[in-house]
Amino acid sequence: MKQKLIYLLTVLCSVLLLWGGNKIATEGLALQGDGTAAETVKVRVVEITARVPSQVVIDGITQTTQDSTYFKGEVLAGARKGQVLFAKQQLDPLMGGQPDQVQAGDKVLLTHNPDEQADTDWIWAERVRSDALIWLGVVFCLVLFAFGRAKGVNTILSLGFTIAAIFAVFVPAILSGQNVYLWAILVCAFIVVMTLLIVNGPGRKSLAAGLGCAAGVLITGLLTFGMDKIIRLTGMVDENSMFLMYLNGEKPLDLKAIIFGAIIIGAVGAIMDVAVDIAASLYEIKRKLPNSSFHSLVRSGYTIGRDILGTMANTLVLAYIGSSLSVVLLLFAYNDSLLYILNREMIVVEILQALVGSFGILLTIPATSLICGLLYGHRGGEGEDGPHKAEEAPRKPSWEDLPNL
């Protein structure tokens, strides 16, 4: 009963904190949209009315410059639901990466064409891809529930709260010009506490994992802050950074603080994973062997951590490389100097993320092991599930066990 009450209180407090955090984070938020953006609707193509190639003669050679496809689409949602709109898709075959021509049955997005001289009021904007992603997410949740049952439901719930904390609290706080360092720490703390209480429940195991994760995130934050001073980052990672700087004229965004937030938010998941693995493993050891001492538990934590370290460090490094692979390819293709590439701020930030995150994981291992030794080592095998008895070791056979002849 106590566990269920704490679970419900955690869910309720999470909702209230997200709601309150969103109210505070959006205070003074001024978005660039002025409400005059072109109307966008989602339609299903019901009929292709014409395909018209546009051709020009260049140096005596006839070339197709554009393909125009005229079609009718039925609006699937919104105030215009059920209406059939006449639209045009215009493609340039000479440009690479062009989308496929629309076909009957396709779901696409149309935007209203403000040009009164145009031959259609609506133009093709993009294919609808979100439907497939939603179905993939639904399948993921079903598989997670099938394997994890109650744990799977709790995982989905905690994941939803985590996403809400990032997009409903952290992002608005940055855009409104508030202290990014403070909000990054608060969001990380919320994610760690909420996830551990919802997924694992209250107890010494969650306490040990939470304290170990806090130590790892603290080290990650201090390293990021210190390295920012040493390597003198400006925050101008790419061309988008310039737009971010002048997004809020009254309160210019702190680009270096955004890098700080990105690094610790990106590392907190891996750090929490390591802390939970070690805390759970040592808790199970203590449950099976109640007489385990502080030193034996710490040594076991170090041993378990060494096996985890390599794969988790690879996870971080590969995630950052994969997310920026296209940019790395361009830099290598158009720059002959490896020294110049390695000193570009964009590349430096990616390397810094991987190294600092791995450093945080590395120091989470001894921190969590020491905390588990302190919390588990001087007590019996009592835990969340009540007192546990040590499993008796099998008795060695003796001559007395032989049958009398």
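Quick reminder: no glycine exception, Cβ is built from N, Cα and C everywhere.
Listed in TrEMBL for this protein:
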- 132-148: transmembrane segment (TRANSMEM)
- 155-175: transmembrane segment (TRANSMEM)
- 181-199: transmembrane segment (TRANSMEM)
- 206-227: transmembrane segment (TRANSMEM)
- 257-283: transmembrane segment (TRANSMEM)
- 316-334: transmembrane segment (TRANSMEM)
- 354-376: transmembrane segment (TRANSMEM)
- 383-399: compositional bias 'Basic and acidic residues' (COMPBIAS)
- 383-405: region 'Disordered' (REGION)
Give the nonlocal contacts of the transmembrane segment (354-376) in its own chain as ranges (CB under 8 Å, at least six residues past its ends).
204, 207-209, 211-213, 215-217, 219-220, 223-224, 227, 263, 266-267, 270-271, 274-275, 278-279, 282-283, 286, 292, 294-295, 297-298, 300-302, 305-306, 308-309, 312-313, 316-317, 320-321
Intrachain residues whose Cβ lies under 8 Å of the transmembrane segment (132-148), provided they are six or more past its termini:
154-156
Between 155-175, 181-199, 316-334, who has the most Cβ pairs under 8 Å to the transmembrane segment (257-283)?
181-199
Top partner of the transmembrane segment (181-199) among 155-175, 206-227, 316-334 - counted as Cβ pairs under 8 Å:
155-175
